[in-house]
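Taken straight from Swiss-Prot:
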| type | residues | note |
| --- | --- | --- |
| BINDING | R101, D102, E117, R118, S153, S154, D171 | S-adenosyl-L-methionine binding site |
Amino acid sequence: MNICLLDESGAGDGALSVLAARWQLEHDDSAPMALVLTPQHLELRKRDEPKLGGIFVDFVSGAMAHRRKFGGGRGEAVAKAVGIKSGYLPDVVDATAGLGRDAFVLAALGCRVRMLERNPVVAALLDDGLRRGYADVEIGPWLRENLTLLHASSLSALTDITPQPDVVYLDPMYPHKQKSALVKKEMRVFQSLVGADEDADGLLQPARTLAKKRVVVKRPDYAPPLAGLTTPNAVNTKSHRFDIYAPLTR
C-alpha cells in the first residue's frame, strides 16, 4: 500500500523503515495520507486538511481511559449486546476493529478479544496503541491477556479462526449523519484512507458460521440491517442499535 511515510520522532533509529517493511507500506511523497512516527506515537494525517490533526490509538489515556473508568461498565450497550453476565465473559472476535474502541471496552470488562483489521495502515496504528498499552503499569497486565490483533481480511479469516469465538462482533464503516467534531474528523480521515466497507454484507454469513453463541452487528439507527437481514433481537441506544443474530450450524 502506498502512503507518505514521515519520521518526526527524532530518534534516527530506522524504526519507520522497519515498520514500513512489516506492514508492506511503500513511501509515496504525493499520497494524500501520511503515516507519521512522532516521539509519542504513530499517527495518521490527511495532508490536505492539517487542521484535522492526527488520528492515533491510545488505550492508556484520553477518551478510552475515561470510558474505562467512568463509562457504564457492564451496563454499556456493547456489553449487553455480546451477552456479558455475572459469571459469563464471552470470547469475542471483533472482525472490523477500526481504532479498537469497542474491543477495548470488552477487554476491560474481562472478555478475551481478538481484533481483525485488514487495512495495513489501520493495523499499524492498532499495533502501536497495543504496544504502548501493553507497556503501561496499570492496564498492561490484563490488556496483554485480553486484547490481541490479527492483520487479516475478515472475509477470509472468519472461515479459519481457531479456536471458535463465542461472539463475532461487526461494526462496518457506514456514512455518519452526525456532525460531532470527533466523528466528523475521524470519518473524514478514515474514509479518505479506507472508503466504505462495500463488501460488508458478505461478512454476516461467515460470522454466523464461526460464532458459537451469537453475532452482533453495530449499526447507526438510520442504517438498514446488514445484508438486508432483519432480526427481532437488538440492543438500542440513542444513535445506534446492536443487531443480534443466532449462529448458523456448520
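All residue numbers here begin at 1 and follow the chain in the order shown.
From the backbone N, Cα and C atoms, a Cβ is placed for every residue, glycine too.
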Around the C-beta of D102 (S-adenosyl-L-methionine binding site), how many further C-beta atoms are within 10 angstroms, looking at every protein chain?
26
Including all protein chains displayed, how many Cβ atoms other than that of R101 (S-adenosyl-L-methionine binding site) lie within 10 Å of its Cβ?
17
Just how spread out is the S-adenosyl-L-methionine site if you go by the largest Cα to Cα distance in Å among R101, D102, E117, R118, S153, S154, D171?
19
Please classify the secondary structure at R101 (S-adenosyl-L-methionine binding site) using three-state DSSP.
helix
Can you tell me how many other Cβ atoms are located within 10 Å of the Cβ belonging to S154 (S-adenosyl-L-methionine binding site)?
27
For R118 (S-adenosyl-L-methionine binding site), the same-chain residues 6+ apart in sequence with C-beta under 8 angstroms from its C-beta are H151, A152, S153, S154
Indicate the candidate from E117, D171 with the smallest number of other Cβ atoms within 10 Å of its Cβ, considering only these binding-site residues.
D171
